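> Provided herewith is a single structure, encoded as structure tokens, for subsequent inquiry.
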Amino acid sequence: MNKVVLYCRPGFEKECAAEITDKAARLEVFGFARVKEDSGYVIFEGYQQDDGEKLVRDLPFSSLIFARQMFVVGELLRDLPPEDRITPIVGMLQGVVEKGGELRVEVADTNESKELMKFCRKFTVPLRAALREAGVLTNYETPKRPVVHVFFIAPGCCYTGYSYSNNNSPFYMGIPRLKFPSDAPSRSTLKLEEAFHVFIPADEWDERLANGMYAVDLGACPGGWTYQLVKRNMWVSSVDNGPMAQSLMDTGQVTWLREDGFRYRPNRNNISWMVCDMVEKPAKVAALMAQWLVNGWCRETIFNLKLPMKKRYEEVSQNLAYIQAQLDEHGINAQIQARQLYHDREEVTVHVRRLWAAVGGRRDER
């Protein structure tokens, strides 16, 4: 199997294609991407027969910025007979994947696919039963086995394949289902909540998003991101010339500092989190984030980089490379991840975690 399907935000197919082509080449997997504008997915086709399998096995899904999901597929199944769509799909998957732990019948995230989504939901139950009977799926769901994907691009037309549960998105269609909290000051709060789900393993939340931590929110007004920190019982310094929502101030956990986020300097050295969602050129934001990390002003940060109209992948790559270079220069080991989240628009969200410092005299930041 030499093809890989990648879901993405509609309108960002070119960025997703540029990224997979670049990162596949680094693994010495060469091929080309098939792109249909505003389709919400990209198909990368390698020149060698096992290229798709190699990518989903060896390319860390966490390293991809513009992809919501990644799985290997075979040839497109066309014109499935309405009276029996199941048999061809089962036949396509037999011998390809054995004892998958989960089935996802999916569509791309577009308005055109909403009607098809209703069919997918109804179709999942009988297809799952048939795949279990054929030995393609285990008799019970398990996260320890591959995920079987059936991806419909049109009625009666689908790709079939699989992903590895330790190298994919755990979410259906690659989208976490989050509910907007009615007491949040703005919908931007969902960006930070989604970032926590994507970047921080669930079993580490109690340690890394703990009660009583100190946090800073740069460009905080009206408080969508501060809300998420307060919700986790952190003490938050919210930095912005604009006012904060009174509901947040009433908690007693928020200190509002009327300052420019680019000029603010923290006066304490035990800040666990700094978050930032400012509308500014990405290079300027990247430089500020690097400054915070190099100076040890925070242990972890989540921030947004607003994207230009053109060469978005190149711009983000340059910004991330700049931050990495600054950390390397100062002997700081850190983990960097970036993703265009479901709740992001013309932007990507970046997470950086300082692990330890290799410079004498600088304390361990873990």
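Every residue number used here counts from 1 along the chain in the order it is shown.
Backbone N, Cα and C atoms are what each Cβ position is placed from, and that goes for glycine too.
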> Considering the S-adenosyl-L-methionine binding residues Ser188, Cys221, Pro222, Gly223, Gly224, Asp240, Asp277 given in Swiss-Prot, which of Asp203, Asp206, Asp260 is annotated for that site as well?
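Answer, per Swiss-Prot (S-adenosyl-L-methionine site with Ser188, Cys221, Pro222, Gly223, Gly224, Asp240, Asp277), from Asp203, Asp206, Asp260: Asp260.
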> By Cβ count within 10 Å, point out the most packed of the binding-site residues listed: Pro222, Gly224.
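Sorting the candidates by Cβ neighbours within 10 Å, the top entry is Gly224.
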> For Lys306 (active site, proton acceptor), write down the residues of its own chain that are at least 6 apart in sequence and whose Cβ falls under 8 Å from its Cβ; none is a fine answer.
Val279, Glu280, Lys281, Pro282, Val285, Glu346, Glu347
> Which number gives the other C-beta atoms within 10 angstroms of the C-beta of Asp277 (S-adenosyl-L-methionine binding site), all protein chains shown included?
22
> Relative to the Cβ of Asp240 (S-adenosyl-L-methionine binding site), which residues of the same chain, six or more apart in sequence, are found under 8 Å away?
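The list for Asp240 (S-adenosyl-L-methionine binding site) reads Asp217, Leu218, Gly219, Ala220, Cys221, Trp256, Leu257, Arg258, Glu259, Gly261, given in order along the sequence.
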> For the S-adenosyl-L-methionine site made of Ser188, Cys221, Pro222, Gly223, Gly224, Asp240, Asp260, Asp277, how many Å separate the two farthest Cα atoms?
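In whole numbers, the farthest two Cα atoms are 20 Å apart.
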